[in-house]
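Chemist: As annotated by Swiss-Prot, Zn(2+) binding site applies to His171, His173, Asp184, with the evidence given as sequence analysis. Marked as domain 'MPN' by Swiss-Prot: 100-222. Residues or ranges marked as motif 'JAMM motif' by Swiss-Prot on the basis of sequence analysis: 171-184.
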Amino acid sequence: MKNNAQLLMPREKMLKFGISALTDVELLALFLRTGTRGKDVLTLAKEMLENFGSLYGLLTSEYEQFSGVHGIGVAKFAQLKGIAELARRYYNVRMREKSPLLSPEMTREFLQSQLTGEEREIFMVIFLDSQHRVITHSRLFSGTLNHVEVHPREIIREAIKINASALILAHNHPSGCAEPSKADKLITERIIKSCQFMDLRVLDHIVIGRGEYVSFAERGWI
C-alpha cells in the first residue's frame, strides 16, 4: 500500500500538469510501479538513476550491471528494456509514415533510438523523396567495435531502386565518443562525390555516441 500511495503522487502530478512535468525519478517510478523490500518505489528510482548517472546509462545497462547494483531481479530489468524498445519502435513507426522530417531534433532522436546501445558500428541511411519525406531507412552495413566498411555504390544502388532524391547518413560509435574520425570524414566525402553524379543530395551525416551526437551539417562540413 505504501508503494501504491507514493506512486500516486507522480500520477497526480502528471494528470494535473502533463507528463513532461515529471522529473526523471518520478517518470521512472511510474514504470517501475513498485519498490523492493524496505525501499519505496521513489527511493528505488532515485538510487537507480544515481548509480547509473542518467536514464541513458540505466536503459543501456546490461543485466549483470543492473542486478549486481540493485539486486531486484529480471522482472524490473525486462520492464526497463521494454521502455527502451518501445521508444525505438515508436520512432520507427513515425519514420515510416512518409511525413516530412519535422526538425533536426526529430531526426537525431530517431537515430539515437535506433543506434544507442549497439555493440558494433552500424551504418544507416535514411532515404528521402524530393519533398524530404521519408521513403525508408536501412541498416546497410555493420562492422566491429570501432570500424565499419562502407561502400558508396551500395548506397547509390539502393537510392536508385527506391527513387530517392536525398539521403541522411548515420552511424554509431560504441565507444561512446561521437567525435568523427578522419575515416568518418573521408567516407562522407566519398559518398557525397559519388551521389553528385546521380543527382542525389546528402543532407547530413550524424554520428551517435553515448548520450551525445555530432552533425556534419551543423558543423558546416556538408
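Including glycine, each Cβ sits where the backbone N, Cα and C put it.
In terms of burial and nearby residues, how do these features look in this structure?
Modeler: Listed in sequence order, the residues of the same chain lying 6 or more apart from His171 (Zn(2+) binding site) and placing their CB within less than 8 Å of its CB are Leu115, Glu121, Ile122, Phe123, Met124, Val148, Asp184, Val207, Ile208.
Mapped onto DSSP classes, the motif 'JAMM motif' (171-184) shows 3 helix, 2 strand, 9 coil.
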Chemist: Would you kindly list the residues that approach the motif 'JAMM motif' (171-184) from elsewhere in its chain, counting only those six or more residues past its ends and only Cβ-Cβ distances under 8 Å?
Modeler: 115-116, 118-124, 145-148, 205, 207-214, 216
Chemist: What is the total of other Cβ atoms whose distance to the Cβ of His173 (Zn(2+) binding site) is within 10 Å?
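Modeler: Cβ-Cβ neighbours of His173 (Zn(2+) binding site) within 10 Å number 23.
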Chemist: Over the motif 'JAMM motif' (171-184), what is the model's mean pLDDT?
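Modeler: Across the motif 'JAMM motif' (171-184), the average pLDDT comes out at 95.
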